[in-house]
Amino acid sequence: MKKYAIIVAGGSGTRMGAPMPKQYLEIGGKPILMHTIFRFFEAEPDIQLILVIPEKDFQLWKDLCLQFSFTVPHRLVSGGNSRFQSVRNGLDTLTDLDGLVAIHDGVRPFVNVDVIQESFEVANRKGSAIAVVALKDSIRRLTDDGKSVYQERQYFRLVQTPQTFQIQKIKKAFDVTELHTFTDDATVYEHQGWQVTLIAGNLENIKITTPEDMAYAAYLFNM
Ligand SMILES: Nc1ccn([C@@H]2O[C@H](COP(=O)(O)OP(=O)(O)OP(=O)(O)O)[C@@H](O)[C@H]2O)c(=O)n1
Ligand SMILES: C[C@](O)(CO)[C@H](O)COP(=O)(O)O
């Protein structure tokens, strides 16, 4: 069973507000994206890696690979205007319908190797494997009339990536879905009437989003 990973990094990082898209910012002296790609290579050395970035950044990325002597094999695919479209562009390049694909945010460099391996193992058996973590805080739901309602947190999970699937199914789900407002791949899959399987993610697997996350990421890197 062949394994693929689509690393989506086609965003512009508006919430980070940095001079360049956050996926190219450095942690521990190396661009975030290189740490992320390396985790997948470490977990599955035979994996086929697909990196989705804006076409205008292809040269920048190639220059960074030279500058940092980054030699993990991967191929580049052009990003789209939304995360959904970037994932779809990556999936469109996959022809091996019998394989498995992990879809992962380029800005989650602290994913555990164990989580990646388990996601492939579970997706092979069940069709999908979605990394999630339990909440530590209490939560409340806001209502339209300006109030809030207590929620039982044991029924909730924070959803991370990787989200790993049998290629045939996730390709079909993305092909037939016209609504592009889904915020993750599990929801696109589920929209076909297929139930997703959850696996335990790791708490450090944060999505680097805002400037405070950079300081926390530096701390996690040095742990
Ligand atoms: N058109 C897009 C938008 C997002 N992403 C990727 O999806 C992941 C999660 O998105 P997010 O954290 O929201 O990244 P940005 O869109 O860059 O951030 P922002 O919303 O602050 O602009 C990131 O790795 C991002 O690069 C993508 O591949 N293509
Ligand atoms: C896919 C994701 O990281 C799961 O938590 C999240 O939905 C991405 O959201 P974003 O708003 O595109 O960053």
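Each Cβ is built from the backbone N, Cα and C atoms, and glycine gets one as well.
TrEMBL annotations: computationally assigned, not manually curated.
Marked as site 'Transition state stabilizer' by TrEMBL: R15 (among others). The Cβ of R15 (site 'Transition state stabilizer') lies under 8 Å from the Cβ of T209, T210, each of these being in the same chain and 6 or more residues away along the sequence.
In the structure as shown, the Cβ atom of K22 (site 'Transition state stabilizer') sits within 10 Å of 27 other Cβ atoms. Annotated site 'Transition state stabilizer' per TrEMBL: K22 (among others), in sequence order.
Over all protein chains present, the Cβ of R153 (site 'Positions MEP for the nucleophilic attack') has 14 other Cβ atoms lying within 10 Å. According to TrEMBL, the feature site 'Positions MEP for the nucleophilic attack' maps to R153 (among others).
Taking the Cβ of K207 (site 'Positions MEP for the nucleophilic attack') as centre and 10 Å as the limit, one finds 14 other Cβ atoms among all the protein chains shown. Feature annotation from TrEMBL assigns site 'Positions MEP for the nucleophilic attack' to K207 (among others).
With a CB cut-off of under 6 A applied against ligand 2, the recorded sites R15, K22, R153, K207 are reduced to K207.
The DSSP secondary structure for R153 (site 'Positions MEP for the nucleophilic attack') is helix.
Classification of K207 (site 'Positions MEP for the nucleophilic attack') by DSSP places it in coil, neither helical nor stranded.
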